[in-house]
Amino acid sequence: MDDARALVTSLRSAYTATPTKLKLIDLYVAYAVITAIVQTLFMAVVGSFPFNAFLSGVLSCVGTAVLAVCLRMQVNKANKEFKDLPPERAFADFVLCNLVLHLVIMNFLG
Amino acid sequence: MERGKKIGSTGVGGGALVSGSGKRAFGTVLAALILCLIGIMAFSIRLFSVIKYESVIHEFDPYFNYRVTKYLTKAGIYEFWNWFDDRTWYPLGRVIGGTVYPGLTITAGTMWWILNAFNIPLSVETVCVFTAPIFSSFAAWATYLLTSEVKGRGAGLTAAALLAMVPSYISRSVAGSYDNEAVAIFALIFTFYLYVKTLNTGSLFYATLNALAYFYMVCSWGGYTFIINLIPMHVLLCIVTGRYSSRLYIAYAPLVILGTLLAALVPVVGFNAVMTSEHFASFLVFVIIHVAALAHYIKRVLSPKQYSTAVSFVITFGMYEPAALIAILAAMVAASPTKGWSGRSLSLLDPTYASKYIPIIASVSEHQPPTWPSYFMDINVLAFLVPAGIIACFLPLSDSSSFVVLYLVTSVYFSGVMVRLMLVLAPAACVLSGIALSEAFAVLTRSIKYQDLSEASLLAAVDSTATLNSTNENEASVKEVKDKAPKRGKKKTVEKEVEKKRKRLLGLPMEASAVGILLLIIMGSFYVVHCVWAAAEAYSAPSIVLTSQTPDGGLHVFDDFREAYAWLNHNTGEDDKVASWWDYGYQTTAMANRTVIVDNNTWNNTHIATVGTAMSSPERQAWEIFQSLDVKYVFVIFGGLVGYPSDDINKFLWMVRIGGGVFPHIREPDYLRDGHYRIDSQATPTMLNCLMYKLSYYRFAEADGKGYDRVRRTEIGKKYFKLNYFEEVFTTQHWMVRIYKLKPPRNLVSAVKSKKRFL
C-alpha cells in the first residue's frame with residue numbers, strides 16, 4: 001500500500017512539473033474523452049438510432065482527442081524527435097487535420 | 001525531419017568535376033527524366049490489345065463499369081448516387097448507388113468531364129479504355145516514392161521500372177481492362193507511401209493525406225481491408241519489437257479515426273466499417289497503441305524502481321476490466337455464425353471454406369489457387385530477387401523496411417490462396433527487388449570505383465560512402481573515426497580503422513564486379529523480354545473478340561458475341577427479358593441493352609440457383625421456370641463447332657452444383673457417368689434431356705453431319721431431337737451464341753386430350 005501511495009505521489013509531482021501549455025492540451029483531451037463517454041452513456045439510454053449520428057459524434061470527440069495528443073507530442077520540448085519542428089507548423093497541421101475531420105463528420109452526421 | 005533524397009548509387013558524374021550541390025541537381029534532373037520515361041513505358045506496354053484488336057472494353061466486369069460510367073456522365077452525380085437499376089436481376093433489381101465501389105467510375109467520369117470542358121471530344125468508351133494505362137504510370141511513380149522513402153532514390157527508380165513492366169499488374173490493367181484494380185493498385189501503393197512517409201517524418205500533414213488516400217482506396221476496391229489489417233499488424237510488430245515512438249502514434253492513430261469515418265462514408269461499406277471483423281484488428285491495435293503510449297509516458301517520468309512497482313501493481317489489480325471486456329467481445333464475435341467475417345474474407349483466410357459452403361465463390365476461375373509456374377509467369381525474375389531484397393531490408397532494419405517485408409510476407413500468403421491476388425504481391429515484389437538490385441549495383445560499382453587508393457582518398461571515400469548509405473550508425477562510426485584520430489593522435493589506431501573500412505568497402509575484386517554487373521544487366525534484359533512477350537501474347541486478349549491463325553497465315557476473327565448482342569438489341573422488344581448464365585449478364589445489359597435475370601454481381605445465390613436449375617431441368621420444367629420469371633429469350637454459349645473451350649457445357653457442372661445447393665431435386669450424380677460429365681452416347685438420360693444439352697446441340701448434327709463436338713472431342717449422344725417449348729431464333733456465324741425464344745403457352749387444349757379426360 002505504501003508503494004502505491006508513493007507511486008501516486010511521484011506521478012503527481014512529475015505531472016505538476018510539466019509546462020502549462022501541455023497541461024492545457026491535456027485538459028482539452030480530457031474534455032473530449034469525457035464528452036465521448038457522455039455520448040455513449042446517452043446512446044445506451046435512448047438507443048442507437050440513427051447510428052451514423054452516434055458514430056460521428058463519438059468519433060469526432062475521440063478524433064479531436066487523438067489529434068490533440070499528436071499536437072502535444074510534437075510541441076513537447078522534452079521530445080527529441082521533433083526538436084527542429086517549429087510549434088507553429090505543428091499547430092497548422094493540427095488545424096488542417098481537424099478541418100478535414102470535421103468536414104467528414106458534418107458529411108456523415110446526416 | 002527529412003530523411004532526404006539520396007544521390008543515385010551508381011556514381012553520378014565524375015566526383016572531381018561537379019560539386020556536391022551540382023551533383024544533387026544533376027541527379028534530380030536525371031531522376032525526373034527517368035521517371036518520365038518509366039511513365040511512358042508503363043503506358044505504352046499496355047497498348048498491345050488496342051493495336052492487335054481494337055479499342056474495345058474487355059471481358060465481363062469492365063462492361064458493367066462502363067455502363068455505370070455512361071450513366072454517370074449522362075445523368076450526373078446525384079442521379080448516379082440514387083440509381084436503382086431495374087434492367088438487371090429481374091424482378092429484384094439492384095441498388096447500384098449502394099452496392100458499387102464508386103472510385104473507378106467517378107475517376108473516369110471526372111477525366112471525361114475535364115476533357116470535355118477543354119473541348120476535347122473523347123467518347124466515354126475511349127476514356128474508359130485508357131484509364132488503366134494512365135493509372136499504371138501513376139502507380140509506377142507511387143512505387144518510386146514508396147521505395148525511395150525506404151531505401152533511397154536509386155532503389156526507387158529500379159522499383160518503379162520493375163513495376164511498370166511486371167506481367168501480373170499488366171494482366172489486370174491493359175488498355176480496355178476497365179476494372180477496379182486499374183485505379184486501386186495505384187491507391188494502394190500511394191497509401192502505403194504516405195504511411196511510410198508519416199512514419200519517417202512524424203508530420204500530421206502527411207497523416208491527413210494518408211487518411212485521404214485510404215479513402216480513395218476504400219472507394220475503389222474491396223481489397224482495402226488488406227490495408228486496414230496490414231497497417232495495424234505493422235504497428236503491433238513495431239510495438240512488440242520495442243520500436244514504439246511518437247512518430248508511430250502520429251502515423252497510426254489519426255488514420256484509424258479518420259479512416260473509419262471516411263470508410264463509413266462510402267455507401268458500399270457503410271456501417272460495416274465498425275461492425276465487421278475485417279476492421280476489428282484496427283480498433284484492437286488502436287487500444288494497444290494507447291496503452292503503449294501511456295506506458296512510455298509513465299516510464300519517462302518515473303524512476304526505474306518505481307516503474308517496476310507500477311507495472312506489478314497494474315498486473316495484479318488492473319487486469320480484470322480488460323479481461324472482462326475481451327470476454328464480452330469474444331462472446332459477441334462467436335455468436336455470429338461466420339465470426340463476423342464476410343464470406344469473401346473467410347475464403348481468403350481458410351482456402352477450403354469456399355468450396356465447402358459457397359460454391360459461387362469457388363466457381364470463379366480467378367479465385368482458384370495459383371500453380372507454381374504462374375509465379376514465374378507473373379513476376380518472373382523478381383521471384384529470385386525478393387529474398388535478396390528481404391536481406392537488404394535487414395541491413396539495417398528500420399520501421400519502413402520492416403513494413404515492406406511484412407507487406408511482402410502477407411501478400412505472398414494471400415497470393416497462394418487466390419491467383420487473382422498475385423496482383424497485390426506484384427508491388428511488394430517490385431519494391432523488394434528494386435532494393436536488392438540497387439544494393440547489388442551499389443556494392444559492385446563501389447568495388448570497381450575504389451580499387452586502388454591511398455589512405456586519404458580512402459577516408460574521403462568512406463565519407464562519401466557514408467552519405468550514400470542511409471544509416472545513422474555508419475555516419476556515427478565515421479564521425480567516431482575522424483574524432484578519434486586527432487584526439488588520440490596515434491597513427492596506429494587510425495591505420496587500423498582505415499584497414500577495417502578498406503575491407504568493408506572493397507568487397508570484391510574488379511573482374512568479379514564487372515562480370516557481376518554484366519550478369520545483372522543480362523538478367524534485367526531477360527525480365528524485359530519476358531514482360532513484353534507476356535503483355536503482347538498472354539494478357540492482351542479482349543476475350544469478347546477471338547482470333548485464330550488460318551492455314552495460310554492470315555487472321556480469322558470470331559466476333560460472335562457482339563454479333564449476338566447486336567441482334568438482341570435490334571430484333572427484340574425494349575422490355576424483353578433475356579436469360580443466360582450469370583457470366584454474360586453485364587455484357588448483355590451493356591451492349592444489348594436488355595433486362596437480364598442474373599449477372600456477374602452474384603449477390604443473390606437463390607436467383608442464380610433458379611437459373612441453374614432451369615438449365616439442368618428437362619425442357620418442360622425449364623420452360624415453366626422461365627415463364628414464371630417473365631423470360632422471353634434464352635441464350636447459351638456453345639463452342640463445339642469451333643473448339644472454344646469456355647462455353648456453357650463446360651460450365652455446366654457449376655449450374656448443377658449451385659442449383660443443387662438450393663433445390664435438392666437436382667442431384668449431381670444423376671448427370672455423372674463414372675464420376676464425369678459426358679455428352680456422348682455414354683451420357684446419363686438426365687444429361688441428355690436437360691435444357692442445356694438440348695439448347696446447345698439442337699440441329700448440331702446438321703452442321704457437320706456427324707455431330708462431332710470439338711471441345712469435348714467426341715460425337716454427341718442424342719443427335720436428332722425436336723424442341724417443344726423453345727424455338728431457335730438466331731445462331732451466330734460460328735455457332736458460338738445460340739438464342740432461343742420461349743414458345744407462348746398454348747391457347748387451346750388439343751381435342752384428343754380433352755376427349756380422353758371426359759371418357
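Quick reminder: no glycine exception, Cβ is built from N, Cα and C everywhere.
Note: TrEMBL annotation is automatic and uncurated.
Sequence annotations record features per position, and here TrEMBL assigns compositional bias 'Basic and acidic residues' to B:476-494.
Mean pLDDT for the domain 'Oligosaccharyl transferase STT3 N-terminal' (B:29-432) in the predicted structure: 89. TrEMBL lists B:29-432 with the feature domain 'Oligosaccharyl transferase STT3 N-terminal'.
Annotation source TrEMBL lists domain 'STT3/PglB/AglB core' at B:575-634.
The feature region 'Disordered' is assigned by TrEMBL to B:473-494.
Marked as transmembrane segment by TrEMBL: B:25-45 (among others).
Long-range contacts of the transmembrane segment (B:95-115) within its own chain (CB-CB distance under 8 A, at least 6 residues past either end) are made by residues 65, 68-69, 72-73, 77, 80-85, 122, 124, 127-128, 131, 135, 178-180, 182-184, 187, 216-222, 266-268, 270, 601, 603. The annotation transmembrane segment is assigned in TrEMBL to B:95-115 (among others).
Sequence annotations record features per position, and here TrEMBL assigns transmembrane segment to B:127-146 (among others).
Residues or ranges marked as transmembrane segment in TrEMBL: B:152-170 (among others).
Residues or ranges marked as transmembrane segment in TrEMBL: B:182-207 (among others). Tertiary neighbourhood of the transmembrane segment (B:182-207): same-chain residues 1-3, 103-104, 107, 131-132, 135-136, 138-139, 142-143, 145-146, 149-150, 169, 172-173, 213-214, 216-217, 220-221, 223-224, 226-227, 231, 245-248, 250-251, 254-255, 399-400, 403, 407, 423-424, 426-427, selected by CB-CB distance under 8 Å and a gap of 6+ residues from either end.
For the transmembrane segment (B:213-237), the residues of the chain that approach it from at least six positions outside its boundaries are 101-104, 106-107, 180-181, 183-184, 187-188, 190-192, 194-195, 248, 251-252, 255, 259, 262-263, 265-266, 269, 278-279, 281-282, 284-286, 288-289, 344-345, 402-403, 406-407, 410-411, 414, 424, judged by C-beta separation under 8 angstroms. The annotation transmembrane segment is assigned in TrEMBL to B:213-237 (among others).
Long-range Cβ contacts of the transmembrane segment (B:249-274) within its own chain (Cβ-Cβ under 8 Å, at least 6 residues beyond either end) map to 81, 97-102, 195, 198-199, 202-204, 207-208, 210-212, 214-215, 218-219, 224, 228, 231-232, 235, 282-283, 285-286, 289-290, 293, 342. Here TrEMBL flags B:249-274 (among others) as transmembrane segment.
Within the chain, the transmembrane segment (B:280-298) has long-range Cβ neighbours (under 8 A, six or more residues past its boundaries) at 228-229, 231-233, 235-236, 239, 244, 248-249, 252-253, 256, 259-260, 307, 310, 333, 340. Residues or ranges marked as transmembrane segment by TrEMBL: B:280-298 (among others).
Marked as transmembrane segment by TrEMBL: B:310-335 (among others).
Nonlocal intrachain contacts for the transmembrane segment (B:375-395), taken as residues 6+ away from its ends with a CB within less than 8 angstroms of a stretch CB, comprise 150-151, 162, 166-168, 171, 401-402, 404-405, 408, 415, 422, 425-426, 429-437, 439-440, 523-524, 526-527, 530-531, 534, 538. Per TrEMBL, the feature transmembrane segment maps to B:375-395 (among others).
Look at TrEMBL and you will find B:402-419 (among others) tagged as transmembrane segment.
Sequence annotations record features per position, and here TrEMBL assigns transmembrane segment to B:425-444 (among others).
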Chain residues in Cβ proximity to the transmembrane segment (B:425-444) (below 8 Å; excluding those fewer than six residues from its ends, i.e. six or more beyond):
9-10, 139, 143, 146-147, 150-152, 154-163, 166, 168-169, 185, 188-189, 378-379, 381-383, 385-386, 388-393, 404-405, 407-408, 411-412, 414-415, 468, 507-508, 513, 516-517, 520, 524
Test of understanding: applying the rule of at least three C-beta pairs under 8 Å (pairs 6 or more apart in sequence), is the transmembrane segment (B:310-335) touching the transmembrane segment (B:152-170)?
no
What is the three-state DSSP composition of the domain 'STT3/PglB/AglB core' (B:575-634), stated as helix, strand and coil residue counts?
33 helix, 10 strand, 17 coil
